[in-house]
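Student: Pasting a structure here, questions to come.
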Amino acid sequence: MAISIHPPRDPNTLSNYNNWICTHITANFDILFDQKKLVGNVIHKLKSTTNGESQEIILDSNHVAIGDVKIDGRPSEWELLPPLEPYGSALKIKLDQGVNLNETIDVEISVQTTEKCTALQWLTPAQTSNKKHPYMFSQCQAIHARSIFPCQDTPDVKSTIDFNISSPLPVIASGLPVRDALGASKSEGKSLYQFHQRVPIPSYLFALASGDISEAAIGPRSVVATSPDKVQECQWELEADTEKFIGAIEKIVYPYAWGEYNVLILPPSFPYGGMENPIFTFATPSIISKDRENIDVIAHELAHSWSGNLVTNASWEHFWLNEGWTTYLERRILAAVHGEAYRHFSAIIGWKALTDSVEHFGHDHEFTKLITDLKGKDPDDAFSSIPYEKGFNFLFHLETLVGKQKFDRFIPHYFTVFKGKSLDSYEFKATLLDFFGTDAEASKLLNDLDWDTWFYAPGLPPKPQFDTSLVDVVYELAQKWKSLSETSSFKPQLSDIESLSANQIVVFLEQMLLLERPLTPELSKLMGEVYGLSKSENIEVANLYFQLGLKAGDENVVDPATELLGRIGRMKFVRPLFRSLQRVNREVAVATFEKYKDFYHPICRAMVEKDLFGKRDV
């Protein structure tokens with residue numbers, strides 16, 4: 001009897017999840033900071049989806065050390081299949097006999113992570129904000145959970161999870177914390193931390209972090225967790241908007257399903273923006289800007305609590321169903337809080353990111369399509385703003401086509417039909433057409449839509465008509481500055497930007513960076529002084545102003561730029577700032593890198609090495 005290793009919907013898993021479905025995972029791990037590994041076991045409850053026809057279980061696994069495997073408590077035969085890159089070496093477990101349809105078995109696997117684990121990052125005390133303790137966090141999206149423990153590593157399977165984690169330092173996981181048992185004492189200086197995830201989630205949302213972590217309330221159902229020295233400023237940054245955001249999206253979709261919505265602010269060397277791990281969003285500290293203006297990322301990660309986490313793409317080929325929907329809902333939250341013009345402003349910024357990504361890949365590249373072909377490919381290689389922004393523009397087009405009022409009725413319907421499930425683009429299309437089937441006008445418009453072009457054509461989609469009111473004022477200001485390098489009566493003053501949001505100032509600075517002829521050092525200094533940009537606590541703003549000043553050859557920004565490089569490790573800021581700095585003063589750039597390289601995450605450090613030195617041994 002043939003067992004298919006490649007199930008029909010997800011080409012990026014080696015598991016035979018068409019024969020078995022994991023319904024529950026118990027994860028028991030010790031965090032060993034000195035050895036930089038997790039040691040323990042996982043128990044999978046697997047339900048048979050055939051009537052005794054499958055006599056083997058195949059799980060994804062990559063660079064994990066497996067001790068033994070038991071089926072319902074009895075030792076079982078197992079082997080690791082030859083590696084098939086980039087998917088790892090599948091774990092094949094033999095059964096003595098098949099299992100009846102819908103009956104379950106428990107598969108217990110003792111496991112250790114190895115130094116080749118791609119999901120876990122281990123930070124030294126030097127890479128944290130108060131420099132006192134080591135830190136560990138996971139990032140399992142897209143196919144990295146299999147490097148922590150063997151599993152059905154596909155978004156097409158969802159399981160409930162119990163976490164039992166021992167660590168000498170506080171632990172965060174993607175489940176509801178058992179707060180009365182948190183840190184229950186255990187021997188050898190370790191405590192046991194327990195979390196329960198009662199909503200079934202895919203493997204990529206399995207998340208762990210451990211380090212010197214404190215918590216503070218930011219709403220009636222929310223806490224922020226971060227380093228004790230940063231907890232108050234993080235609380236201030238997030239407490240004004242978090243519950244407001246939750247209330248806004250609950251009106252658009254339906255009530256929040258996860259109990260608590262919390263935010264873990266990671267150490268400053270975290271190289272990314274954010275990750276939507278359920279119950280605890282993992283976020284970059286660069287959103288803590290002391291002006292509450294960088295928290296759009298929280299609206300985005302919160303929106304994932306519906307799109308992605310509850311209703312999930314069946315494979316990474318349909319990633320737009322996660323990210324396009326989430327970007328659409330994020331902007332609906334922003335519209336509810338800041339007004340409709342702000343949604344369009346955010347979409348205009350997104351359109352620029354989309355055009356940049358299409359330019360990067362090339363207009364006819366496979367990865368610029370809404371539905372991508374990822375057979376034999378690593379989903380991480382396809383990652384870009386395209387599923388976010390092309391996906392958003394498709395949904396915005398559908399909203400415009402049928403009318404916002406009608407589309408608003410479809411939103412909760414869609415998220416109800418697929419709640420707790422995974423779907424592909426074809427099911428999305430069928431559900432949309434079915435919902436509007438009794439509305440002759442909307443039905444005709446949707447049936448006449450060129451679905452194949454939207455789904456399969458590479459490159460940019462048609463550009464929508466956006467409300468440009470919030471960018472027009474910014475473009476006008478940029479034009480005035482451009483005229484200063486010629487002859488102009490324009491006299492810059494603080495009132496030019498007093499009514500602008502931080503995001504508008506970001507767009508203004510991006511426009512200034514596009515000037516063919518850079519500002520003079522004098523004008524750069526004038527801008528920094530008059531607008532207060534040189535002292536901005538908002539890293540999005542400060543980073544761009546320093547790039548602008550360096551491009552202008554303004555020596556006044558060198559010191560603050562190097563100081564910024566010593567306190568943030570997000571690659572979005574670090575790489576362009578080093579590139580700008582080395583063009584002005586390579587000696588300072590190299591010295592700054594040597595001074596702070598141990599602070600940076602290894603991925604960031606390697607990238608900056610390449611930027612500064614080309615290829616050399618790290």
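Every residue gets a Cβ built from N, Cα and C, even glycine.
So Swiss-Prot lists these for the protein:
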type     : residues                                                               : note
BINDING  : GLN139, CYS140, GLN141, PRO271, TYR272, GLY273, GLY274, MET275, GLU276 : peptide binding site
BINDING  : HIS300, HIS304, GLU323                                                 : Zn(2+) binding site
ACT_SITE : GLU301                                                                 : active site, proton acceptor
ACT_SITE : TYR388                                                                 : active site, proton donor
Student: How far is it from GLN141 (peptide binding site) to GLU323 (Zn(2+) binding site), counting Cα to Cα, in Å?
Tutor: 13
Student: Fill in the CA-CA distance, GLU276 (peptide binding site) to GLU301 (active site, proton acceptor), as an integer in Å.
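Tutor: Rounded to the nearest whole number, the Cα-Cα distance is 5 Å.
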Student: Roughly how many Å lie between the Cα atoms of GLU301 (active site, proton acceptor) and TYR272 (peptide binding site), rounded to a whole value?
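Tutor: Each residue's Cα considered, GLU301 (active site, proton acceptor) and TYR272 (peptide binding site) end up 13 Å apart.
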Student: Calculate the distance in Å between the alpha carbons (Cα) of HIS304 (Zn(2+) binding site) and TYR272 (peptide binding site), and round it to a whole number.
Tutor: 17
Student: Counting other Cβ atoms within 10 Å of each Cβ, which of the recorded positions TYR272, TYR388 scores lowest?
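Tutor: Checked TYR272, TYR388; of these recorded positions, fewest Cβ neighbours within 10 Å: TYR272.
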Student: Taking the centroid of the Cβ atoms of HIS300, HIS304, GLU323 as the Zn(2+) site, which other residues of that chain lie with their Cβ within 8 Å of it, listed in sequence order?
Tutor: GLU276, GLU301, ALA303, SER307, GLY308, ASN322, TRP325, THR326, THR327, LEU329, GLU330, TYR388
Student: Measuring Cα to Cα, how far is HIS300 (Zn(2+) binding site) from GLY274 (peptide binding site) in Å?
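Tutor: Their Cα atoms are separated by 9 Å.
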Student: Select the closest residue to GLU323 (Zn(2+) binding site) from the following recorded positions, measuring between CA atoms: GLN139, TYR272, TYR388.
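Tutor: The smallest Cα gap between GLU323 (Zn(2+) binding site) and any of the recorded positions is with TYR388.
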Student: Measuring Cα to Cα, how many angstrom lie between GLY274 (peptide binding site) and the residue listed as 'active site, proton donor'?
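Tutor: Here the two Cα atoms are 14 Å apart.
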Student: List every residue in the same chain as GLN139 (peptide binding site), at least 6 positions away in sequence, whose Cβ is under 8 Å from its Cβ.
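Tutor: ALA119, GLN121, TYR272, MET275, PHE282 - these are the non-local Cβ neighbours of GLN139 (peptide binding site), listed in sequence order.
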